[in-house]
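A.B. asks: Here's the feature list from Swiss-Prot:
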{"type": "DOMAIN", "residues": "43-309", "note": "domain 'PPM-type phosphatase'"}
{"type": "BINDING", "residues": "D87, G88", "note": "Mn(2+) 1 binding site"}
{"type": "BINDING", "residues": "D87, D232", "note": "Mn(2+) 2 binding site"}
Amino acid sequence: MITRLKNWPCLLKRFSIQQIHQFTHLSGRFERAPQSSKSPRDPYLVTVVQGRSKKPRFPGERSNQRFGEDSWFVNSTPLAEVMGVADGVGGWRDLGVDAGRFAKELMSCCSGQTQLSDFDGRSPRNLLIAGFQELSHREQPVVGSSTACLATMHRKDCTLYTANLGDSGFLVVRNGRVLHRSVEQTHDFNTPYQLTVPPEDRKESYYCDKPEMAVSSRHSLLPGDLVLLATDGLFDNMPESMLLSILNGLKERGERDLLEGASRVVEKARELSLNASFQSPFAIKARQHNVSYSGGGKPDDITLILSSVEVPSV
């Protein structure tokens, strides 16, 4: 995320995007919680993760579950499929802070909370609250800030539960149309709500939003529905119509097909982010807020989780 803390430079700088990473996950491989077992007739998600960092990672940053300053996790528990994305606020770089470490630690804490015996999979906002509390109450907490979007699909009622704070977000696609889409939470243009652990002596200098401020929603799902979580590197560069065009081109919903579709989305978003003449969603929003921006895409890290709702064959 190229954004401000409370002091934001007027113009954004462009960076080359040179590195791609990918991850695929068929739900169930990470199932570790022992408290109950899944029914063989329960719905499940076929999930893939794809992303690009806007520039090559520096030595020592090549950890899993990061695309630049973005992070993510995918977990499968007996009660729910769980996923999340987080976008570290890039303004921390000016203070010599790894802007992506906070996002990674936040996602790791949320992922760990899903393995507790009392996790029921129906309140991702409570999951975000618990994950942030774990992170912020460490003896030596990681300094930084991040947006967050969490989603769970509960197996028993095939319902998607979401919690979104900031300008990452989610989509539910059914029969080629967007059925549900999250709404951004921002303080100002390019200044999203963000969870923050500030330095002890400078708390007044940062936006410190609460995880309780995350917007929660629930949506009934059907087999064949697509669920997409992404950071703003996707949404700021790719119009919804273009995203749908790629997703609707999927011939099947297997792991390989989803990965191919996710890769096409990420690559197209990356291409648009470097196009100085393209009227991107970000450029349009800048004009609407009377912000000086030359137009074109917004170079940024891009993280995408794409899932298809499936039911076992009888």
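Including glycine, each Cβ sits where the backbone N, Cα and C put it.
Please go over these features one by one and say how buried each is and what sits next to it.
C.D. replies: Taken residue by residue with DSSP, D87 (Mn(2+) 1 binding site) is part of a strand.
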A.B. asks: For the binding-site residues listed here (D87, D232), which one has the lowest count of neighbouring CB atoms within 10 Å of its own CB?
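C.D. replies: Minimum Cβ neighbour count within 10 Å, taken over the binding-site residues D87, D232, occurs at D232.
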A.B. asks: How big is the gap, in Å, between the Cα of D87 (Mn(2+) 1 binding site) and that of D232 (Mn(2+) 2 binding site), rounded to a whole number?
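C.D. replies: Approximately 8 Å lies between the Cα of D87 (Mn(2+) 1 binding site) and that of D232 (Mn(2+) 2 binding site).
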A.B. asks: By a simple count, how many Cβ atoms lie within 10 Å of the Cβ of G88 (Mn(2+) 1 binding site), its own Cβ left out?
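C.D. replies: Excluding its own Cβ, the number within 10 Å is 31.
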A.B. asks: Given G88 (Mn(2+) 1 binding site) and D232 (Mn(2+) 2 binding site), what distance in Å do their CA atoms have, once rounded to a whole number?
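C.D. replies: Computed Cα spacing between G88 (Mn(2+) 1 binding site) and D232 (Mn(2+) 2 binding site) is 11 Å.
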A.B. asks: Need one number: mean pLDDT over the domain 'PPM-type phosphatase' (43-309).
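C.D. replies: In the predicted model, the domain 'PPM-type phosphatase' (43-309) has a mean pLDDT of 94.
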